[in-house]
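Everything on this sheet refers to the single structure shown next.
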Amino acid sequence: MSKLVLASASPRRRELLARLGLPFTIQPSRIDESVYRHLPPAARVEALALAKARAVAAGLTDALVLGADTLVVCEGRVLGKPDSPAAAARMLAFLSGRTHTVYTGVAVVQAPRGPEGVTHARTAVTFRHLTPDQIEAYVATGEPLDKAGAYGIQGRGALLVAGIEGDYFNVVGLPLVQVEELLAIFGVDVWGRV
């Protein structure tokens, strides 16, 4: 099997990929994400995941590079990572009592310029009605500051969620079923390594 490389600095993606039991290394990508802002959410996360994987793959040989990107969308508004505690509080107040959609694109590229595969997952998440005190307390934990949509469902942010429809791991940042399916296309048997 070619060496597997995760093109992400996300600790959540690292933890999720490790669950598959495959050895991998990490090499974060450096791309200009702003050039994809005009695309609709599903196309955007796929394009960004592919761009991240390609950027890392270009400098490698004999490696499979996995890229991913996640967006949160509510009522047509894309919510990225908040740039301050105040921005996080505004996002959480906006999401309160609403259902939003989490999109994660996943791409695999055979380095350096080989075959590519890309797909995405989509999950609906409904937030509880949050009080200003709950929002303030959650923001004070610091947890929302490095996450799209200003919450982490795998942490204390779970208390904000009334329910989800779809893949939980997609909301965390890496839809494992799609990852397994893409890796299988490239000859990686996740089940044979469990």
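Backbone N, Cα and C atoms are what each Cβ position is placed from, and that goes for glycine too.
So that you can see what the record holds, here are the features copied from Swiss-Prot:
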type	residues	note
ACT_SITE	D69	active site, proton acceptor
SITE	R12	site 'Important for substrate specificity'
SITE	T70	site 'Important for substrate specificity'
SITE	Q154	site 'Important for substrate specificity'
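Structure coloured by features recorded in Swiss-Prot.
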| residue | record | CB count, 10 Å |
| --- | --- | --- |
| R12 | site 'Important for substrate specificity' | 19 |
| D69 | active site, proton acceptor | 26 |
| T70 | site 'Important for substrate specificity' | 28 |
| Q154 | site 'Important for substrate specificity' | 17 |
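D69 (active site, proton acceptor) sits 12 Å from R12 (site 'Important for substrate specificity'), taking the CA atoms of both as reference points. A coil conformation is recorded for Q154 (site 'Important for substrate specificity') in the three-state DSSP classification, outside any helix or strand. Across the structure, T70 (site 'Important for substrate specificity') and Q154 (site 'Important for substrate specificity') are spaced 15 Å apart at their Cα atoms.
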